[in-house]
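Enquirer: Can you read through this structure? Questions will come right after.
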Amino acid sequence: MRIPAGREPAPALRAGTDIDVLPLLISALALAALLLGGFVVVAPNRLLSGSPLSLWQAAGPGGAASLLAILGVIALLAARPALRLQRVLISLAAGALMLLSLALAGMAASEQAVAAGRLTRVSLGAGFWTLFVAGLLLLADGAEREPRRAGKALPLLATLLGLAALIASGRLAHLSLAREYAVRQQAYLDELLRHLQLTGAGLALALVAGGAIGLLAYRRPQRAGPVFAVLNIVQTIPSLALFALLIGPLTVLTGLFPALRQLGIAGIGPFPAILALGLYGLLPVARGVHAGLSAVPPAVVEAARGMGMTGGQIVRHTLIPLALPTLLQTLRLTLVQLIGLAVLAALIGAGGLGTFIFQGLGQTAADLVLLGALSAIALALIADTALRGLALFLLRRPAP
Amino acid sequence: MRMAGRLARRPVVWVGAIFLALTFGMGGLAPHLGFLFRAGTRLVYTRASFPELVASHALLTGAASLIAIAIGLAAALFATRPAGRAYAATLDRLGALAQTFPPVAVLALAVPSLGYGALPTGFALVLYGVLPVMGAGMAGLRSVPAAVLEAADGTGFSPGTRLWRIELPLAAPILLAGVRTSVTIGIGTATIGSTVGALTLGSPIIDGLSGDNPAFVLQGTVLVALFAVTVDLAIGEAQRALPQRPN
């Protein structure tokens, strides 16, 4: 008998039969990049481009050997599918890989600062980034496939804790990224907070309005088509244009009614940014709410009505609990998308992490770009992981 | 005559017509928009003409989309063949992880290694264009009922003929929806590409925002929004033109 296409479980998921290819592949890639690319890059100052140092030159034989040893351990573990704790151990090794490469790069930076003076900038090279991303991929893969909740959370928490300890120990302070942060600590914290505020306000707007639209489309199916067609058009408009599109009308509006300006409504600044973020989140939220509610079997709703529940009770006790997986997924995807889009808010004078990216692009200061871009990526990853964790906790099974 | 009338009612025709008219007419229209803005605002964008901007934007998006569609489709085919099925879950996960990364951040991170201009933009365009095509391709190919595949095998189709004659046509509607998403994202990413120096319809927006010139911002946003909606509607028409799949 043939097994129907696509219904067969992926062999990697069948415990104890196959060698896990992904960790092997990633370790091999990381090894290749480490041998080819520079581990760190040393530049004479902040704006000049630098020359790469290999792992061997930057970290010495001991450092290089210990990194290679971790890659070897990951490869060995990948070939032992029968091991009960295989996934957890691979994830822990991946976390160790990330932390050790960061520590080695930090120590190399300290040595260079002593040897070549304060203006020297030591930034992270292609070899480092490959190792770091390889570790990140393995962690994500492990968290996804490990069935036990403790097994999912432990490697992530251990890595985060190690990262916090590494930063607190001051070993990373001489890396160009840390120095870029140190000279603008207050501004960074302000813009980070602003980024969170913009995203939060945009998300709240999208949840309230999009949720209402989704509920309406569920209650009145004949209206769903046109409503989603309109939202689709909004989603089609390029994000940059949507941010900028509001400048004109809002400027005209505040010109006609100056009183609006006292409410914080203006053509540029946070107000149009939040409005644009809210508009962009409208379709995903409305579609998610509609899809989640529509997936609840009508018979269940009928039964609830038969038991004498009121409309509100049906929503609270039947629809929302049954639609919860889809609703949580919608929340996660929308939040991650808005965190990324809020970077553009800096272009219309609303601040946020994009400020550093666009300042850095203007000054061709790669470290400043990196500070903003990495923060935005980290924020998106943290939000994604946290909401996956929340879904796991609330639903007692992995998010779809 | 009646057919022409029916054609004119399709949104893609009139939105497209407005888009084309504004593309070629913006240069002549712009000097007359002074009443909308503060006195003294420069009204005519001079770095490039609007047809040039549209052409550059379309070329960049089109080329990157073709590459992205080719890669995405190849990945989807690989992941649904017997040899590659083991990697399907991994590709899914990598796609989900990559989607978490903000496009602007990726665009900016590509600059140190790829320089300013069209190259980092093209890189980001391809990266974000692959994911929807790959996802839709996998979903589409998996949606082909097993009974149909067995019937094809029983008729004596070779795997290649089966793919070309049965699987791809049946997967086409879902695949095309992925292409539509991919191209829409591409047009948006190309617009942001002007922040790293690519010449697109985003250029007047960025120049207008940094130079405090709302006229440039307005011209750029209106054109790029019309461009995106026109292309989206055109692919929508292609979707409608596909034969409906019986359930």
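Glycine residues also receive a Cβ, built from the backbone N, Cα and C atoms like all the rest.
According to TrEMBL:
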type	residues	note
DOMAIN	A:192-392	domain 'ABC transmembrane type-1'
TRANSMEM	A:21-43	transmembrane segment
TRANSMEM	A:55-77	transmembrane segment
TRANSMEM	A:89-110	transmembrane segment
TRANSMEM	A:122-141	transmembrane segment
TRANSMEM	A:153-175	transmembrane segment
TRANSMEM	A:195-218	transmembrane segment
TRANSMEM	A:230-257	transmembrane segment
TRANSMEM	A:263-283	transmembrane segment
TRANSMEM	A:335-358	transmembrane segment
TRANSMEM	A:370-395	transmembrane segment
Enquirer: Using Cβ atoms and a strict cutoff of less than 8 Å, what residues sit near the transmembrane segment (A:21-43) while being 6 or more residues removed from its termini?
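Expert: Answer is 12, 49-55, 57-59, 67-68, 71-72, 74-75, 77-79, 90, 97, 101, 104-105, 108-109, 112, 116, 120-128, 130-131, 134, 137-138, 141, 176.
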Enquirer: Do any residues of this chain, six or more beyond the ends of the transmembrane segment (A:122-141), have a C-beta under 8 angstroms from a C-beta of it, and if so which?
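Expert: Same-chain contacts beyond the flanks: 22-23, 26-27, 29-30, 33-34, 36-43, 50, 52-55, 67, 74, 90-91, 93-95, 97-98, 101-102, 105, 108-109, 112-113, 155-156, 159, 174-177, 366-367, 370.
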Enquirer: At a C-beta cut-off of under 8 Å, are there same-chain residues at least 6 beyond the transmembrane segment (A:55-77) that contact it? List them, or none.
Expert: 23-24, 26-28, 30-31, 34, 39-40, 83, 86, 89-90, 93-94, 96-97, 100-101, 104-105, 107-108, 127, 131, 138
Enquirer: Against which stretches of its own chain does the transmembrane segment (A:153-175) lie, if we need a Cβ under 8 Å and a gap of at least six residues from its ends?
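Expert: Sequence-distant neighbours of the transmembrane segment (A:153-175): 88, 91-92, 94-96, 98-99, 102-103, 105-107, 109-110, 112-113, 122-124, 139, 142-143, 182, 385, 389.
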